[in-house]
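Trainee: Annotations for this protein, taken from Swiss-Prot, read as follows:
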- Tyr15, Gly42, Lys109, Tyr132, Asn187, Asn292, Arg388: substrate binding site (BINDING)
- Tyr72, Ser108, Lys109, Tyr132, Asn187, Tyr218, Ser246, Phe247, Ser248, Arg257, Asn292: pyridoxal 5'-phosphate binding site (BINDING)
- Lys249: N6-(pyridoxal phosphate)lysine (MOD_RES)
Amino acid sequence: MAKINDNYLKLKAGYLFPEIGRRVRAFAAANPEAKVIRLGIGDVTQPLTPTILKAFHDAVDDLASENSFMGYGPEQGYDFLIDAIIEKSYKPLGVDLKTTEMFISDGSKCDCANILDIFALDNTVAIGDPVYPVYNDTNVMIGRTGDADDKGYYKGLVYMPCTEENGFFPAYPKEKVDMIYLCFPNNPTGAVATKAQLKGWVDYALANDSIILFDAAYEAFITDPSIPHSIYEVEGAKKCAIEFRSFSKTAGFTGVRCGLVVVPDELEGTTSNGEKYSFNKLWLRRQTTKFNGASYPVQKAAAAVYTEQGWKETQANIDYYMENARIIREGLSAAGVTVYGGVNAPYIWLKTPAGLTSWDFFDKLLNDCHVVGTPGSGFGPSGEGYFRLSAFGNRDNVVEAVERIKKNLKK
């Protein structure tokens, strides 16, 4: 009889967002008249912009003609998109990349999971707490951990608490680690990292022969010119870091699916016999074996983001969401709620009212306000007592949700 991958059985029951969905569906079934406003999972609400949509349509039309039809594309991505990203998104930061160092994908969630294919299982991994669940769960699935303890920490992973006391920025691990997940602007806390803070991590990684897995999915929401958009703005980072980016929130591609990974040529790991080997070559080999590339229409649409008009439209949507963040942050703060994030990041991280756990507050908002958020404890034990709200909602719904919450908390 075929055996299963028992590592999946170590996972806590239900991925965070499906559990939220289950509770919301149950509430909606019991209260069909209720207008539920969802500010939980970070899905966007604004449509694709006209320039992006036209590029999409034109690319689909290309597939309708024998003369312009496109079949299998390059697994690494089309040069027209890679070149546009390097020219428009990295060069202005002072970061020079080769086209061979960038890989286009169908989204950064997949990349954050798939990157584990090129790392040995006996590497020691450090992740933040609270953390985007994908970092934690994919390491469990692949077999890098033991079982979870009563708090939810998995044996074999090093957890770095990100708390109110340390400004939601992790301290360096006391033990030796080989791989470090960093996400800035952060999901779920909305915290950002200064260049000096990132330099500290780069210096740490170089000194300890560690690799940083840097998730920059929300870099487009940074407005403070002093906050770095890429870890490669720090000298030496190409020798110790892989960077992930996404079009999901930046350009509304949550249903379109497109992302990218940067694996610098300078980045090397060690083989089992102690020799150095290129991670770039390993990732290329992995992609050419397991991935056929993001679709041609998707990559054409993504490239349109970097045209002058395309970026103007994209920035307008980003501004729309950041205004939502301001409304949530200032509205709840005025109601006496302690809030973090929502500046340079599209997530608001708030403290739950005294005496309420994260899931208690979830149920309170759902039942009393008909508003859905995300319990902080779902992101890790250090998230207990906190709650995440997303700025990706429709403006009218955001305003109404904030008013409902304020009214309820004043009772």
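Here the Cβ of each residue, glycine as well, is placed from N, Cα and C on the backbone.
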Trainee: What's the CA to CA span in angstrom from Ser246 (pyridoxal 5'-phosphate binding site) over to Gly42 (substrate binding site)?
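Mentor: Answer for this pair: 13 Å between alpha carbons.
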Trainee: Sort out the sequence-distant neighbours of Asn187 (substrate binding site) for me: same chain, 6+ apart, CB within less than 8 Å of its CB, listed by position.
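Mentor: When sequence neighbours closer than 6 are ignored, Asn187 (substrate binding site) has Gly42, Tyr132, Asp215, Ala217, Tyr218, Tyr347 within Cβ distance under 8 Å.
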Trainee: For pyridoxal 5'-phosphate, with binders Tyr72, Ser108, Lys109, Tyr132, Asn187, Tyr218, Ser246, Phe247, Ser248, Arg257, Asn292, what's the maximum Cα separation in whole Å?
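Mentor: Between the most distant Cα atoms of the pyridoxal 5'-phosphate site, 34 Å.
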Trainee: Select the closest residue to Ser248 (pyridoxal 5'-phosphate binding site) from the following binding-site residues, measuring between CA atoms: Lys109, Asn292, Arg388.
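Mentor: That would be Lys109, nearest by Cα distance.
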Trainee: Can you grab the distance from Tyr72 (pyridoxal 5'-phosphate binding site) over to the residue listed as 'N6-(pyridoxal phosphate)lysine'? Cα atoms, rounded to a whole Å.
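Mentor: It is 27 Å, counting Cα to Cα.
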Trainee: Given the binding-site residues Lys109, Asn292, Arg388, which one's Cα is the least distant from that of Lys249 (N6-(pyridoxal phosphate)lysine)?
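Mentor: So, spelling it out, the nearest of the binding-site residues is Lys109.
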Trainee: Considering the recorded positions Lys109, Lys249, Arg388, which residue's Cβ sits among the greatest number of other Cβ atoms within 10 Å?
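Mentor: Ranked by Cβ atoms within 10 Å, first place goes to Arg388.
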Trainee: Give the number of CB atoms, excluding that of Ser246 (pyridoxal 5'-phosphate binding site) itself, located within 10 Å of its CB.
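Mentor: For Ser246 (pyridoxal 5'-phosphate binding site), the count of other Cβ atoms within 10 Å is 25.
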